[in-house]
């Protein structure tokens with residue numbers, strides 16, 4: 001577990017610093033109250049509002065670990081939300097609507113996976129196709145309207161509360177734990193990393209790279225379906241034009257803030273989720289601080305830039321040097337190279 | 001979509017047979033919102049009622065598609081062209097072509113930067129006026145009592161957001177009891193409206209310090225109403241809700257007592273346009289260069305359920 | 001002398017890529033530069049063209065010392081290069097390609113008409129009259145190659161380096177390119193010609209320089225040089241005859257356990273028959289590009305079979321993909337371990353267990369304790385020099401990487417192991433260990449197919465040697481026939497006694 005902590009330390013530090021910064025502008029940021037059996041407070045809002053990007057980031061982490069990218073997740077959100085709303089509006093039950101949305105997400109992921117692993121189309125191009133086409137599909141389902149529904153069971157997924165916490169928080173928490181456990185308790189994590197680092201060598205060693213690639217995009221599609229369900233349930237309607245719009249970029253950003261390389265290989269789902277929470281903390285912080293809307297994007301970009309620069313290879317090497325020298329100082333013994341690379345075991 | 005296609009096919013099929021009826025080409029921006037879909041539906045209805053043949057072209061948000069559509073309308077020799085321009089600039093040459101072919105062009109809903117003599121008239125709503133109507137309603141409603149207002153703006157920098165904000169602020173400017181305490185963009189979407197409203201409630205003492213919500217469109221208001229309910233407050237009573245557009249869902253909220261007022265941005269731009277065209281065709285009457293549609297205020301007293309039923313099939 | 005190189009030395013971490021090399025190129029000669037992979041040819045060329053900076057030595061061009069720091073500088077000095085892959089822009093016209101960067105200008109603007117005229121005049125001197133307004137990519141590779149030569153000569157004009165210019169040409173096209181090269185020679189240019197095709201070397205060149213392991217072995221006139229000597233110099237057999245004492249050398253060959261009947265693939269390797277017995281080591285000998293690696297890839301399912309089939313004593317085998325071959329009990333340690341062998345960012349432990357884990361399936365992860373045991377075991381047995389099993393494999397030296405890749409396959413206990421150049425770029429100690437390991441494996445009954453450019457190694461380890469030339473199996477040497485001399489003769493001529501495998 002100490003390996004995990006060491007891996008996600010930069011993200012934890014960034015998040016803590018950010019919370020401190022937001023608290024300067026909005027002192028009550030960390031206040032949490034119990035209200036009718038549910039926790040209320042800005043932090044809870046961050047956890048809840050961060051759910052769609054956190055869910056997307058889980059799938060995106062796997063895709064990026066294979067040296068891919070999935071630009072279509074925002075559009076998949078719209079498709080799945082539209083499918084669920086259509087099912088509910090047509091009188092299907094909550095369970096059936098959920099199943100349809102998840103199946104739509106898996107199907108969209110399968111489409112991406114087959115284009116990429118089967119036909120060898122570059123992930124950027126293959127998912128771009130669905131990114132542009134998917135929103136149109138969603139609009140066909142909703143006929144261009146906001147398709148609303150009144151299904152309390154389904155709405156509960158977006159705005160309900162369980163054990164004091166909003167349901168979307170449970171969704172990303174459980175999805176994250178499940179996928180992380182699946183990756184590290186089975187050999188999937190290792191095989192995905194191997195394919196991402198060197199697909200050819202992995203294939204020659206007998207790794208079924210094709211099936212793994214397809215599976216990773218299906219996983220990303222399922223995560224996008226969950227995110228779409230959360231967003232649709234939250235506003236009790238499917239807004240095909242706006243659901244998940246540009247969220248694929250936030251998801252990629254979350255993965256990058258999580259310290260995962262866009263060149264594939266080693267990955268950490270926990271760090272990506274922290275990345276999503278960092279982004280949401282910035283968004284919520286700006287809203288609470290009450291800056292004029294015109295500054296939103298500039299402030300967000302500026303803070304993300306600072307975080308990425310502090311995590312950049314050059315700066316983090318400096319940090320390591322500083323830390324090592326401080327650690328060595330008490331003893332006059334000559335400094336020896338301290339292995340600072342996180343131990344690869346026990347990553348989540 | 002399929003409906004659009006079928007109607008287009010039907011319209012094309014009719015072209016050859018009924019040569020006497022007036023033919024009108026309509027270049028629509030696309031179908032990016034429910035309001036836009038309603039505008040298309042109403043234009044079709046109006047054309048049908050008046051016995052016109054409507055040539056419909058969906059530009060899918062691209063100016064080059066619109067220019068191509070207008071050129072093809074000119075080539076077909078239609079009797080008039082309706083244009084809902086996707087952008088303001090770059091229309092001079094194609095409008096010139098229509099003018100040379102002596103085909104009147106009526107702009108719907110949005111304006112262009114071209115010289116006024118290149119088109120017959122423009123039909124649209126006055127966005128500033130819409131904001132004023134909403135503001136005036138709130139002024140009358142609170143009747144002198146103090147009221148802290150939160151504002152959900154449209155997409156930052158868009159003209160509806162700028163104008164609706166300006167109109168509202170102008171209406172409440174002389175009333176010191178009214179004050180906008182928080183104002184943030186909700187991007188015109190339901191999801192953003194809800195998220196931003198949650199942060200307003202959070203920041204304003206759980207919503208206890210908020211007297212009214214002014215949303216630049218109904219969709220954001222609908223999202224915000226959910227946020228207010230989830231915070232344990234009664235929208236429409238604890239917090240007054242006034243918004244703009246008059247889409248069906250806000251009437252449903254008004255019928256349930258959760259929203260208080262909305263200002264209509266009528267999707268019926270074609271009605272006034274056709275009226276102007278008929279006068280022009282009859283004796284060459286030049287209409288005003290801008291025909292302002294009515295910005296009607298609807299409140300809970302205006303049979304919201306009936307309004308909902310009337311609008312729900314317009315394609316919103 | 002047009003171009004003189006003296007004591008050229010280039011050191012990379014761990015290897016001396018060029019060690020004290022002398023080379024002279026005269027005006028009006030075509031000079032072949034030969035050597036196997038890793039001999040130092042490309043390093044030498046890169047030092048000449050400015051892509052690398054030399055560590056020691058001098059280069060003089062027409063008596064003046066030069067030190068090019070970029071290909072552009074080398075071009076301006078007079079040294080132009082044409083590569084195997086045409087290095088031009090296929091979607092520009094012939095004229096644009098030819099005049100790119102030095103277009104005739106008029107009032108500061110490119111003058112397209114003058115460009116065309118000059119391009120046409122230039123190409124006419126190379127015997128080409130083609131439409132210079134067409135895209136370069138619409139012409140055959142030979143024409144493109146001649147345009148590339150013309151461009152290089154026009155810009156540089158003193159020394160022309162041709163780096164495998166004929167690799168993707170057919171015979172008629174080769175003749176066409178050679179005519180151009182001869183005419184340039186007659187105009188007094190010095191031409192360096194790099195090729196793996198010995199016939200072309202004898203056909204075209206005046207002198208030959210052979211490199212091996214970064215050293216110059218010999219420079220000699222092509223006329224009067226025998227193929228045998230040439231191959232001997234390239235492969236560098238030690239003069240004292242290595243004895244043929246393979247480990248499993250019984251008087252009679254073991255009963256075959258695997259049969260490959262008429263297996264082949266167009267463009268890769270002509271159909272061949274091969275059988276191999278338990279505990280037998282079969283060597284594949286031949287020059288680079290003779291079809292050795294292609295044979296290995298065919299047998300491991302990397303390139304699917306087009307003809308023929310594989311079987312064992314139980315029945316037919318499916319070799320559709322590497323996974324299928326692994327299921328059939330095959331293993332393959334490829335030649336280029338950096339791109340095809342190791343997974344650089346993973347640890348040694350993960351690299352070793354990767355194959356085994358892939359075979360178990362993702363749902364049955366190998367317990368960590370077992371992984372550690374396995375990794376430690378092979379690190380010890382193969383003497384992998386590392387700070388520990390959790391070191392990323394990319395940080396190891398080449399020899400230790402190779403041992404880890406071998407460990408990956410040994411852990412899977414294959415019955416048939418294909419080793420493509422298992423000892424290339426490995427220091428002497430590791431080299432001996434790997435050969436000892438092969439002997440040990442065969443004693444346990446593993447069948448091994450080994451590809452090597454080192455004749456001595458082949459003689460020492462193989463029970464049987466199959467010789468390849470021009471993408472076909474041309475000879476098979478068994479028992480006492482396996483000697484350095486016989487292998488070399490077969491590589492050079494392919495017509496010695498001992499029978500020709502189909």
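Placed from the backbone N, Cα and C atoms, the Cβ positions cover glycine too.
What TrEMBL says about this protein:
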| type | residues | note |
| --- | --- | --- |
| REGION | A:326-348 | region 'Disordered' |
| TRANSMEM | A:12-34 | transmembrane segment |
| TRANSMEM | A:46-64 | transmembrane segment |
| TRANSMEM | A:71-89 | transmembrane segment |
| TRANSMEM | A:95-117 | transmembrane segment |
| TRANSMEM | A:124-142 | transmembrane segment |
| TRANSMEM | A:162-182 | transmembrane segment |
| TRANSMEM | A:203-230 | transmembrane segment |
| TRANSMEM | A:245-263 | transmembrane segment |
| TRANSMEM | A:270-291 | transmembrane segment |
| TRANSMEM | A:297-317 | transmembrane segment |
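For the transmembrane segment (A:46-64), same-chain residues at least 6 beyond its ends with a Cβ under 8 Å from one of its own Cβ atoms are 70, 73, 77, 123, 165-166, 168-169, 171-172, 175-176, 179, 183, 192, 216-217, 219-224, 226-228, 230-231, 244, 247-248, 250-252, 254-255, 258, 260-262, 264, 267-269, 272-273, 275-277, 279-281, 283-284. For the transmembrane segment (A:245-263), same-chain residues at least 6 beyond its ends with a Cβ under 8 Å from one of its own Cβ atoms are 7-8, 10-11, 14, 52-54, 56-57, 59-61, 64-65, 67, 69-75, 77-78, 131, 227, 270-276, 278-279, 304, 307-308, 311. Between the transmembrane segment (A:71-89) and the transmembrane segment (A:203-230) there are at least 3 Cβ pairs closer than 8 Å, counting only pairs 6 or more residues apart in sequence, which means the two stretches are in contact.
Listed by sequence, the residues of this chain that lie at least six past the ends of the transmembrane segment (A:95-117) yet keep a Cβ under 8 A from its Cβ atoms are 68, 70, 72, 76, 79-81, 83-85, 87-88, 123, 126-127, 129-130, 134, 151, 154, 157, 209-211, 213-226, 228-229, 232.
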